[in-house]
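Visitor: Next up is a structure, given as C-alpha cells.
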Amino acid sequence: MEHIQGAWKTLSNGFGFKESVFEGSSCMSPTIVHQFGYQRRASDDGKLSDTSKTSSTMRVYLPNKQRTVVNVRSGMSLHDCLMKSLKVRGLQPECCAVFRLIQDPKGKLRLDWNTDAMSLVGAELQVDFLDHVPLTTHNFVRKTFLKLAFCDICQKFLLNAFRCQTCGYKFHEHCSTKVPTMCVDWSNIRQLLLFPNPNNIEGGSHTLPSLTMRRIGESVRIPVSSQQRYSTPHPFSFSTPSPVSECSLSQRQRSTSTPNVHMVSTTMAVDSRVIEDALRSHSESGSPNNLSPTGWSNAKAPAPTHREKAASSTGQEKNKIRARGQRDSSYYWEIIASEVMLSSRIGSGSFGTVYKGKWHGDVAVKILKVTDPTPEQLQAFRNEVAVLRKTRHVNILLFMGYMTKDNLAIVTQWCEGSSLYYHLHVLDTKFQMFQLIDIARQTAQGMDYLHAKNIIHRDMKSNNIFLHEGLTVKIGDFGLATVKTRWSGSQQVEQLTGSILWMAPEVIRMQDNNPFSFQSDVYSYGIVLYELMTGELPYSHIRDRDQIIFLVGRGGVVPDLSKLYKNCPKAMKRLVADSIKKLRDERPLFPQILSSIELLQHSLPKINRSALEPSLHRAAHTEDISSCALTSTRLPVF
C-alpha cells in the first residue's frame, strides 16, 4: 500500500493534482533503483571538514547527478530538512529513499524520513528513487515539423524544435526550461492501472482506494495539444535510461548545489481517459484490484511475448480509439437556433423563406420548406451541408452554418446589394454593355466553380444572383438537392422545381429519374443572359403559366433573340443561342462559356489614355518662361 501511495504522489507532482489522492505514511520499501543514484567521485571523499559539523549542515547527493548542502535546526526531521531541496527539483520525498553513506566499511544505511536531523549533522546522505516509480529519462532529438504541430509548453506553432522519442513531448528551445524532468512511461502506467498482477503480492493484499470522478476532474488538467498524444498506448522501449547529460539539450553538467534549470519539473499533461478507464474497470469488477510493489516492478519489465503481442496490436487499438474519438465535422457547423435573431422577412422562393438575421453580424437565414424531416432527410441534408461548407469563392455567397431544430435552415452571409432581377425588372437600372458582359462573366465564373465541386445549382435564375458592393456578383441558393426533391418513404423522387421561365425543357418533361445536370444549369444561365441583353423576361407574350410549361417542354417555343440589344456583340448573341438549345448535349459547359466571355472582353474596344500632355500644364510652363524673359534686365549698349 505504501508503494502505491508514493507512486501516486509522484505522478501528482507531474500532472498537476491539486490535492493528495492517498493519505498514509511514507514509503518504506527495501528495494532501491540504483541507476538513478548519484555516482560519487573519488575526489569527493574526505571533503567533509570540521567546519561543516560546527555549522550544522549535511551534504546530500540527489538523483540526476545533483547535490546540495542543507542546514539543520533543532527539532527538524530529515523530511523537513530535505523537503525544499526535493521540491525545487520536482521530486517527492514519498517516492524516494534516503541513505546515510558509511566510509568504513564503505556502504550505506537506510534511514527513516522521521529521523531527527540533528543526529546527522556533518553526515553525507544519498537520496534515490524507489523501484516502483515508473519513470525514465527523456530522449530528445531535434525535429523539423512539416505538419501542423504546437509546443506542449507555450501552445504555439512549432517548426524547428525538439521532441522526446519516448513520450512524444515537443517544445521550442526557449521553452526547454519548463520541460518535466522525467519522461512518463505511459505503457507502464496504463499496465499498472488497467492490468494489475494479483499473483505477485507480498505481505498481504493491498487495494486501490476508490476515487470519485469529481476529484479526478478537478485535479487533471489537459492541454489541447496533449489530448491526442496520450490518447493511445505507446509501445515504449524498456532499456536502461541514458545519462542525463546526453539528453539535456547539450547543457554542461551542473556540479554545484544549484539545480539544473533544464531539469526543473513542471505540470505535465495526462489524459483523463486513462484514469477513467481504470476507475470504470475497478467499479465494474465488483472486487478491489490488488496491487503490490512487486506488481509495479513487474509492469516495468514485461515478458518478451507480452511486448510482442502489444506491439502487434498497437495499430488496431489506435484505429479503434481514433474512430471512437472522432466526431462528424459537420457537427461544428450546426448553429443553435436560440443564437440567431431574425429581424425582417426578405422574401420567399420555391424552397423556403429568407429572413435577415443577426448571428455575429448580419446574416441571411433561409428557412426551408421541409416539415417534420425524416432521419433519412436529415442525414441527406447533413451530407449536402458537408459539401456546401467547403465552398469558398468570390462569386459565391459564403455558407456559414445550418440549423435543424424546429425547421431546416441554412445561414449565409448577408448581401447588402439587390438581386439582378430587382435591378433589371424593378429598378430598371441602365447598365452599359461592358458592365453587362462583366456580370455575365462573373456569373459564369461562379457557376464554373460550383460545377468543379460537382454541385448542381438546380435553381439558377436572376433572383439568386446578387450584386454586392457595386458590380460584384454573388450566387446564392445553390445545391440542397434534399429540399428540392420530393420524398416518397425513404426514397427521393424528383419533382418540378424552380421558376418555370428558367427551367430547361428536359427538367419540365421530367422523363428521366434525375433530369438535373450541368447542362440544365447552362440553360438557366442562358435565360439570365437573355435578361441581361434584352432587359426583359422571356415569353412575355404568353400569359398562361401552364401554356409556357407545355410549349417549352415540347420545344414549341424559344426566347425571341430578335429582342437583343443592337449593340450586343455577335459572340454574345451566339453564346445566348447555344446556351438555350433544346437538346441538352448541344449546350456548352461553363469552362467553354467562361473562356468565350473572357475573349469577348479582351476584344472590346477600350479608350486608351492620351499620350499628349494637358494643355493647362503647358500653358503654365510657357507663362513662367515668358515672365522670366520679360523681367530680365537688359544691359545698355555703349
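If you go along the chain as it appears here, the first residue is 1 and each next one adds 1.
Just so it is clear, glycine is given a Cβ too, placed from its N, Cα and C backbone atoms.
According to Swiss-Prot:
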type    : residues                                                                       : note
BINDING : HIS138, CYS164, CYS167, CYS183                                                 : Zn(2+) 1 binding site
BINDING : ILE346, GLY347, SER348, GLY349, SER350, PHE351, GLY352, THR353, VAL354, LYS366 : ATP binding site
DOMAIN  : 56-130                                                                         : domain 'RBD'
MOD_RES : SER43                                                                          : phosphoserine
MOD_RES : SER257                                                                         : phosphoserine
MOD_RES : THR266                                                                         : phosphothreonine
MOD_RES : SER329                                                                         : phosphoserine
MOD_RES : SER490                                                                         : phosphoserine
REGION  : 279-323                                                                        : region 'Disordered'
ZN_FING : 137-183                                                                        : zinc finger
Visitor: If one looks at the chain holding ILE346 (ATP binding site), which residues at least 6 apart in sequence have a CB under 8 angstroms from its CB?
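Guide: Expected: VAL354, TYR355, LYS356, ALA364.
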Visitor: Give me the Cα-Cα distance between SER348 (ATP binding site) and HIS138 (Zn(2+) 1 binding site), rounded to a whole Å.
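Guide: Distance between the two Cα atoms comes out at 65 Å.
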Visitor: Taking just the CA atoms, what is the gap between HIS138 (Zn(2+) 1 binding site) and GLY352 (ATP binding site) in Å?
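Guide: Cα to Cα, HIS138 (Zn(2+) 1 binding site) and GLY352 (ATP binding site) are separated by 61 Å.
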Visitor: Test of understanding: give the count of other CB atoms lying within 10 angstroms of the CB of HIS138 (Zn(2+) 1 binding site).
Guide: 26
Visitor: Kindly state the mean pLDDT of the zinc finger (137-183) in the predicted structure.
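Guide: A mean pLDDT of 84 is what the model gives the zinc finger (137-183).
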